[in-house]
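The next block holds one structure in the form of structure tokens; read it before the comments.
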Amino acid sequence: MSSSAPVYQLIFRSVLSRLDPEQAHGLVVSGLQTAQRLGVTRVLEKLTRPAPRLRTQALGLTFPSPFGLAAGFDKGAHSVLPLASLGFGHIEIGTVTGQAQPGNDKPRLFRLVQDRALINRMGFNNDGATAVRQRLERTRSRMERMRRAGRHVPVVGVNIGKTKIVPLEGAVEDYLISTRTLAPVADYLVVNVSSPNTPGLRQLQDIEALRPLLRAVGEEADAAAGRHVPLLVKIAPDLADADIDAVAQLVQELALDGIIATNTTVSRDGLRTAPEKVSALGAGGLSGPVLAPRSLEVLKRLRKVLKDDVVIISVGGVQGPEDVAQRLAHGADLVQGYTSFIYEGAFWVRRINRGLARRR
Ligand SMILES: Cc1cc2nc3c(=O)[nH]c(=O)nc-3n(C[C@H](O)[C@H](O)[C@H](O)COP(=O)(O)O)c2cc1C
């Protein structure tokens, strides 16, 4: 486990951990946005900028670091620039759905502090593809100016999912709305079929449902953007090994660019938190270090099946630079994290990048 910044640990213990987790998230995000408005993030950027030797080529793009922020933290692309100033090599926004939706009833996000884990049943709360597109357009033009000024600019991926009220039979058309709207502003696109919090969604991981979906999204994305938009599919850790192999084969059959593995798990195995406490929280996806062994196992399995040119983004339970290095050593091209960011604070990314740079 990486050592966390003492100041953040103090704030976490004395303030954030006493708040409802979703409120704490909101507080942190508005803090980042204020820092951005005050110009503090420009200073931050100087402290956190990844070393040039971390530059990584993948998906036909240059990533300033192999380590990025997983989907779900910035669902609506509200805070891409302040998050960029923390040193992420990429930021995956979303999940965005075709239509705006409120998500599940609150409370829907829970901390398991003993496990440094989270359980969430957010249910894709987001303000829909059109609103997110407008926000991303503005962000991208600012990023273009930053790029010209030689500043740190991360790759921005867009993760899309199914609108809850759309029945599974209408899923392809619903994903196509998001594709058409968002592919032009995405460096890469992710089809999320693995969240446990949208009823029926994970059935789209069945090969016979996944094939037409991925084929249609791939064609639509390139047509809408007028260029090839790298396309990846994000899978659950709860798939049986044979199903993981089948998705990998499908990705090759369709010449997709990559796979993101993994999303949160519906399993509750391996937790230290008392089972009564865990079950009282109810349904949702579990994330954090407890997910790491399965996430690593899925990575190894995928790398065995996939040709080298198919990109794997490994995510699930990564805490420190040693975990990121391990994923890269086992064939991940890029690595993402989310839950440990909540427990470790703003300088977490910097610590990971520095640890990685020391190893190169
Ligand atoms: C609160 C929360 C919300 C999430 N929302 C999404 C989402 O909208 N789309 C998605 O693909 N993954 C989502 N995830 C999953 C993460 O992207 C990631 O795959 C998972 O948490 C495992 O990584 P971690 O252990 O580093 O958190 C969410 C995770 C959390 C904790």
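From the backbone N, Cα and C atoms, a Cβ is placed for every residue, glycine too.
Curation plays no part in TrEMBL annotations; they are all automatic predictions.
Now, the feature entries from TrEMBL:
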- Ser195: active site, nucleophile (ACT_SITE)
- Ala71, Gly72, Phe73, Asp74, Lys75, Thr95, Asn159, Asn192, Lys234, Thr262, Gly288, Gly317, Tyr338, Thr339: FMN binding site (BINDING)
- Lys75, Asn120, Arg121, Met122, Gly123, Phe124, Asn192, Asn197, Asn263, Thr264: substrate binding site (BINDING)
- 54-358: domain 'Dihydroorotate dehydrogenase catalytic' (DOMAIN)
**Fill in**
Excluding Lys75, Asn120, Arg121, Met122, Gly123, Phe124, Asn192, Asn197, Asn263, Thr264 themselves, the substrate site's Cβ centre has within 8 Å the residues Gly72, Thr95, Gly103, Ser195, Pro196, Thr198, Gly284, Gly285
**Asked** Measuring Cα to Cα, how many angstrom lie between Lys234 (FMN binding site) and the residue listed as 'active site, nucleophile'?
**Response** 9
**Fill in**
Ordered by sequence, the long-range same-chain Cβ contacts of Gly123 (substrate binding site) under 8 Å (at least 6 apart) are Gln101, Gly103, Asn104, Arg108, Lys164, Asn197, Thr198
**Request:** Enumerate in sequence order the binding-site residues Phe73, Arg121, Gly123 whose Cβ-atom distance to ligand 1 is under 6 angstroms.
**Result:** none
**Prompt:** Given the recorded positions Arg121, Asn192, Ser195, Asn263, which lie within 10 A of Asn159 (FMN binding site) by CA-CA distance?
**Reply:** Asn192
**Message:** With the FMN site defined by the record as Ala71, Gly72, Phe73, Asp74, Lys75, Thr95, Asn159, Asn192, Lys234, Thr262, Gly288, Gly317, Tyr338, Thr339, how many Å span the farthest pair of C-alpha atoms?
**Reply:** 20
**Prompt:** Where Lys75 (FMN binding site) and Ser195 (active site, nucleophile) are concerned, what is their Cα separation in Å, rounded?
**Reply:** 14
**Prompt:** Hey, does DSSP put Asn263 (substrate binding site) in a helix, a strand, or just coil?
**Reply:** coil
